[in-house]
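Student: So TrEMBL lists the following for this protein:
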- C277: active site (ACT_SITE)
- H335: active site (ACT_SITE)
- D358: active site (ACT_SITE)
- N398, D400, E447, E452: Ca(2+) binding site (BINDING)
- 269-361: domain 'Transglutaminase-like' (DOMAIN)
Amino acid sequence: MAEDLVLERCDLELEVNGCDHHTADLCRERLVVRRGQPFWLTLHFEGRNYEASVDSLTFCAMTGPDPSEETGTKALFRLSDAMEEGAWAAVVVDQQDSTLSLQFSTPANAPIGHYRLSLEASTGYQGSSFMLAQFTLLFNSWCPADAVYLNSDEERQEYVLTQQGFIYQGSAKFIKSIPWNFGQFEDGILDICLMLLDVNPKFLKNAGRDCSRRSSPVYVGRVVSGMVNCNDDQGVLLGRWDNNYGDGISPMFWIGSVDILRRWKKDGCQRVKYGQCWVFAAVACTVLRCLGIPTRVVTNYNSAHDQNSNLLIEYFRNEYGEIQSDKSEMIWNFHCWVESWMTRPDLQPGYEGWQALDPTPQEKSEGTYCCGPVPVRAIKEGDLSTKYDAPFVFAEVNADVVDWIRQDDGSLHKSINHSLVVGLKISTKSVGRDDREDITHNYKYPEGSPEEREAFTRANHLNKLVDKEETGVAMRIRVGEGMNRGCDFDVFAHITNSTPEEHTGRLLLCARTVSYNGILGPECGTKDLLSLSLEPYSEKSIPLRILYEKYCDCLTESNLIKVRGLLIEPAANSYLLAERDIYLENPEIKIRILGEPKQNRKLVAEVSLRNPLTEALSGCTFTVEGSVPIPPPRAGEEVKVRVDLLPLYVGRHKLVVNFESDRLKAVKGFRNVIVGPA
């Protein structure tokens, strides 16, 4: 009778599997593979090798604390003669001396997560059990049968594998890109992402069901959307928008997701202070890319926060155009969310592809602060019955804005304001380039097109179907040159009279600092022209000077000033309103690499910034990989500092630098670095 098979060890073939599964950065000390694609293990036996005529090998793969075959979290399968597509299977690919090389396959719809793989070896009536390996299974956008399959290699590279990118801020007329390190393959991040799934309320309530449902990117995306904020769970980030960040870290200061996720784990899943929309979106992007779901960060300019689902944002103003009520319904200067690529078998055909997910806590969805996934195509078509949260996302890009002026007698008069259009310049980083891609057309049909009217009719968006009132007099806010932080500059109310009549009215101009979410700060410039005459068919530009000494102490970290013009014509009882948000440029951070970047060699960079202000700065630091204090630069002085960077691996890197001081907050710079072999 043959002696029992005795397993000496199992070789995880990390290098081969990591290369084949695009997980080389994760496979340094552990096995990480993607579902629906074969991977290899080599078994080394003591004494004799496997004999097909004598031995029977049965494998067991399990995930979660309560695995079962019924829920798909446990699979039992025997060594077979041929690979079986779409199922757990194992076949022999080579056999030499005491080694047995095996190829394993996994279903393209298997739950993702941490697995335990064991072997039951039977010889006659004898049997022995061995733990072969622990491995992590991820979504697979390279596998046509996977729900996250993308057929473009360039897009897979960008939306799954790329670890650095840009997020867009500023205003619709001055779009500002900030570099961000997503870092989804950095040390410990995969374990943190899996931990995030394991502390979500659905797992704590029913772990078996939750692990089973991790086969669906729709389910996982929705869980991640809820877990990136901490409003009703042990989520990652606490949001704050009041500029008081003394007991935490300002949202503007973060330059990547890695530090945030590591802090969350180190502090025992305690919330990290603080995040705002782009931070929530960027952390969600890191988690989803790490788990294998193609994901990108998206910015929507003039983004509406519609609480009562009437697709209408109403502002009530006094006779000077100042907003009166403390309304929670706002127009955010910009708002960020993520899009993830997946099929939607739960919806009608045609709704596969990009799905919007918004992890910023704004409104509850099915009792939880999360939003999405909702097909971007459904938003474009005005199909508001589509899961999940279509009305809220539709309003973010399509809500109408109405301004009411409350007159002395208490009556309300509707003002004309053509300067504020919701849902502009929807932006994401281009594939394979550091440029911005405008994806507004994915969310909206061209303005005034028959398709747009059909979408609005389908969404019952009645306000948008009414023709806009025209008066023949128009006003918009124009800007001059040199709108840099620390400078004085001019803005202009440009008024056009397209009628054959002369118009006389009062012009009120006001500039106030503003946060990106629409919260107004103090005034920093005003002008009141009691009698302004407009000749027939004429144009006028009225300047307003905005002084640094007026805005320096009240400018928020958003670097935004809102300029408002109100033209009142008493004779016609007409109110014409124009607004514009102005972004003030920060000084440029210059980054110079000293020497030739080589693999595993410490890299030295020279980082510099010129103080643009008329006063000295204090409390200055550069942040790269840790905080680097620098001497405070005097007015107009340039400061330079050398920083030692961690050894980098071969490839293209984005070196991200942040500058912080008492007067200049969150000035970001970046440089692409190509690291060659040693």
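Using N, Cα and C of the backbone, Cβ positions are placed for all residues, glycine too.
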Student: Find the one among the recorded positions C277, D400, E452 whose C-alpha lies closest to that of D358 (active site).
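Tutor: Looking at Cα distances from D358 (active site), the smallest one goes to C277.
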Student: Tell me, what is the mean pLDDT of the domain 'Transglutaminase-like' (269-361)?
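Tutor: Across the domain 'Transglutaminase-like' (269-361), the average pLDDT comes out at 91.
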Student: Going by DSSP, how much of the domain 'Transglutaminase-like' (269-361) is helix, how much is strand and how much is coil, in residues?
Tutor: 15 helix, 40 strand, 38 coil
Student: Restricting the comparison to the binding-site residues N398, D400, E447, E452, which residue's C-alpha is spatially nearest the C-alpha of H335 (active site)?
Tutor: N398
Student: Just give me the nearest neighbour of C277 (active site) among the binding-site residues D400, E447, E452, Cα to Cα.
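Tutor: It is D400, whose Cα lies nearest.
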Student: I'd like to know which of these recorded positions, D358, D400, E447, E452, is least surrounded, judged by other CB atoms within 10 A.
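Tutor: Result for the recorded positions D358, D400, E447, E452: minimum number of other Cβ atoms within 10 Å at E447.
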Student: Report the member of C277, H335, N398 (the recorded positions) whose C-beta atom has the most other C-beta atoms within 10 angstroms.
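Tutor: Per the Cβ count within 10 Å, the most buried is C277.
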